[in-house]
Amino acid sequence: TQTSHPAKFHVEGEVYCNVCHSRNLINELSERMAGAQVQLDCKDDSKKVIYSIGGETDQDGVYRLPVVGYHEDCEIKLVKSSRPDCSEIPKLAKGTIQTSKVDLSKNTTITEKTRHVKPLSFRAKTDAPGC
């Protein structure tokens, strides 16, 4: 008989410092951020967080979070910047913070054990030269 083991994944993404305060988008001037803290939260149908894990970016601004089990409604959010000059978490139109959704559900066509998410960025307090 086959034993049932929980699914094991890694969620991987990048964190940048967006040195152009006036732009919300990552661009050619954006800098990868080492030591930034991120958090993965997965919620149930009532929007209650049922799975959560935090992590930190490496020297290349990349984080890799281990995940056990299938989860619905998951997203990565920025928690803390490693740079005092670039610590603002951008807000979206409705005042919510920027997040990256990730599919960790059982009902997906994604078969890779590493799930890649879109990059996130902190915003600098002022524009750098060239913005």
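Cβ coordinates come from backbone N, Cα and C, glycine included.
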Would you mind checking which of Cys74, Cys86 shares a disulfide with Cys17 in Swiss-Prot? Cys86
Quick check: of the disulfide-bonded residues listed here (Cys17, Cys20, Cys42, Cys74, Cys131), which one has the Cα closest to that of Glu88 (Zn(2+) binding site)? Cys17
Using a 10 Å radius around its CB, how many other CB atoms surround Cys74 (disulfide bond)? 25
With every protein chain in view, what's the tally of Cβ atoms within 10 Å of the Cβ of Cys42 (disulfide bond), excluding that atom itself? 20
In sequence order, which same-chain residues at least six apart have a C-beta under 8 angstroms from Asp45 (Zn(2+) binding site)? Glu72
